[in-house]
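Asks: Checked TrEMBL, it gives:
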DOMAIN    28-166  domain 'Novel STAND NTPase 3'
REPEAT    455-487  repeat 'ANK'
REPEAT    488-520  repeat 'ANK'
REPEAT    555-587  repeat 'ANK'
REPEAT    588-620  repeat 'ANK'
REPEAT    655-687  repeat 'ANK'
REPEAT    688-720  repeat 'ANK'
REPEAT    755-787  repeat 'ANK'
REPEAT    788-820  repeat 'ANK'
REPEAT    821-853  repeat 'ANK'
REPEAT    854-886  repeat 'ANK'
REPEAT    921-953  repeat 'ANK'
């Protein structure tokens, strides 16, 4: 019950957000970027929109989401990656939308960690093509190395700040037309200076500034204008101060001010009231109402959260209020605000590229650090050590200086405090960041040097991963465990090898690191280094006496396999020089030579061939390296392999498919030529009887077909179901292939498959008129029938291909030839309702009364199926309107039985129709209509003197049968007719 309630709550929140999106979307301006994003989201699993703040990323993503909703997608506005797992439903068209996916202002490391932990699962969900993700990210955040490590966001990236996707002059004019119609010309001239032009237009419009602010001034100095607006607001008595105060709260709560935050005795709000020179007794409800008056101009409310209307405006307000009320924000601002927005000193260009930074004066730095120590003590460890200032050595030294002023007990407590969420400690974070001084201090305060989280990652692991060699030395000096104590835990040597940190690898090996230790996937340090092309690390590892060069991972892949797959020739050479097993295969029997051949790494193939004679060694499904290279069009590899004396060019896989087969199937004509030059068997076929010519014809690779035909293949070689290359090409509408095949003298144009279907039959059935013409020009038998007696004309008529029908009729197709059930082309066309085909057949002397084996005529079947136009056409050729089937059912009775009103009217218009004609059981058209309760049909028949008293063989009249089935309207109608007669 609780789960269902939560689902309902979230669904309502989604609905409210989408409602707001739709309202905002009313003034969306269409751009080329919109079209590109729409095109990509339809084809890609994940689309990421990046760009500077104010370029319209969020607005565009929401507009596209609404467009996707129109195409049947379920839209989920998301706050964290866990939402994907919660709301994913297999097969349901779902679009997950993330705004500022990895942090609004700077990269949020905790969010990145959350994504990394869920990445494999989310990636697997995206295998369901109905599931898609769309994200936005600030340009400077997207440049962070940690963001780049999230491969999912590299799938498709569109930069709205780039020249390719930025606004054109015409699009900027369109924005001005919508938002600033009276000033569009002035604004358009200013637009070139700002890539945040869409935001400026929107803010000027929403703030309703035109009455008091010159538009040129706003677009030149927008935040100067807002500063004046805030100053005026503060001077506007208590009402203005209340609004001012509410905006301060939005900033202090880091743009996520909850309704619940307006609870009684909230110390943060009380302190803010005091700083804004408002009475501490001011009603919180009144303060909230002041905030609500700013909705639409400064503030937007999403669910129960108040936010500044745009992140760039929030950035400005955060800086403005943060500098104005520095002490207030030090004491009460949200922990993320403290982490991201304050900067002490710019050193080594650190911090110079981030807009709206709040500078910390030297005389306030200790107070700022006091706040960090409070957060640290409260369990926000990673938040503190992810602080922007931690990248500055000078700041770290100041932090340590302040720490040393704390009593010893507090120092040791802080050193052992675990993060609330990750459960990690400060030592791990410092090792990650690379702060040697902080690491030394923490070790001196009895921090657990071998502390591991549930992921098994120790401080030594983080230092090894990020290449901090001095920290690694420091940790090892203090007896850090170099090998994980638990199975499948992360190994420092493995990660250092993967990252290519040679110095750290050497240091770890000097301290007895297990050179063969494997992670949870069975990857050894050597495998990782080989996989990631870390040649120098490979050399170092191979110098170890204990290294197992042929150690394989859980999939049976060796270091040589991975290096060969990825084409790392120097690593391959190094491994082979140290006697790596060249023929070692993975769990699928795939060798290094095989995978290198597939990937087209010709230099690797050459080196491997110098160390092996087993050039024909196949994978588990019998595929050889030559077949694999041919399959993937690796021409240079094919050439090299064919130079080997031992190569078996006609070796087939477990399904009988050779290298020539695969090259022909894939259309790789140059590979085909090369194989044929080396005497590949052109008539070899697979277990289904499919030859290279057959499969090339099927796939429509006309150049391959031409090449094969130059080597005298059996052009009539058919598959196990009797289908020839010509027949297959005709069936699949491969016109050019058909033309080429018909130029062969040996081709049997009338060769049939096991069901006696000819090439002409298949082309006719498919409606492939060009092929039909081509076959007929080469004297194909136009009347050749299959095992069921179905001719090309019949099947074309059945499918409604009137062009094909006309072509066949011009070549003397037998119009009245019936199949084994006595069904003629006219009958089947009438049954299916193909009126144009019916017309053509009748014009070529089709017998209008020719019935099938059940005695059913074309008119009868058309009447039964309600094909009015066909009935009309047939009646133009004087059919027997009373012609009955073998059980004496007439067309009129049939139409009446099936409630085909129009078909009741039409035959009735002809004088020769017998309205009272009965079947073998004495049942008339009126009887059947009465039995079924078809009131309109009954009326029509009665208007034309149908006999209301005519009974069937059992003496049951139309009235009796209507009464039996309870059709009151029909009963009354019949009774009325009967009364009139008397």
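Just so you know, glycine gets a Cβ as well, placed from its N, Cα and C.
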Asks: What are the DSSP helix/strand/coil residue counts across the repeat 'ANK' (854-886)?
Replies: 16 helix, 0 strand, 17 coil
Asks: Other than its close neighbours in sequence, what residues sit by the repeat 'ANK' (821-853), given a CB gap under 8 Å and a spacing of at least six beyond its ends?
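Replies: For the repeat 'ANK' (821-853), the nonlocal Cβ contacts are 788-789, 791, 793-794, 796-798, 800-802, 805-806, 809, 815, 859-862, 865, 867, 869-870, 873-874, 876-880, 883, 885.
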Asks: For the domain 'Novel STAND NTPase 3' (28-166), DSSP counts of helix, strand and coil?
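Replies: In the domain 'Novel STAND NTPase 3' (28-166), the DSSP-based counts are 61 helix, 27 strand, 51 coil.
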Asks: Mean pLDDT across the repeat 'ANK' (821-853), rounded to an integer, is what?
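Replies: A mean pLDDT of 93 is what the model gives the repeat 'ANK' (821-853).
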Asks: I need to check the long-range neighbours of the repeat 'ANK' (488-520): which residues 6 or more away from its ends have a CB within less than 8 Å of a CB in the stretch?
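Replies: Same-chain contacts beyond the flanks: 452, 455-458, 460-461, 463-467, 469, 472-473, 476, 482, 526, 528-529, 531-532, 534, 536-537, 540-541, 544, 546-548, 551, 553.
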Asks: What are the helix, strand and coil residue counts for the repeat 'ANK' (555-587) according to DSSP?
Replies: 17 helix, 0 strand, 16 coil
Asks: Taking helix as H, G and I and strand as E and B in DSSP, count the residues of the repeat 'ANK' (688-720) in helix, strand and coil.
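Replies: For the repeat 'ANK' (688-720), the helix, strand and coil counts are 16 helix, 1 strand, 16 coil.
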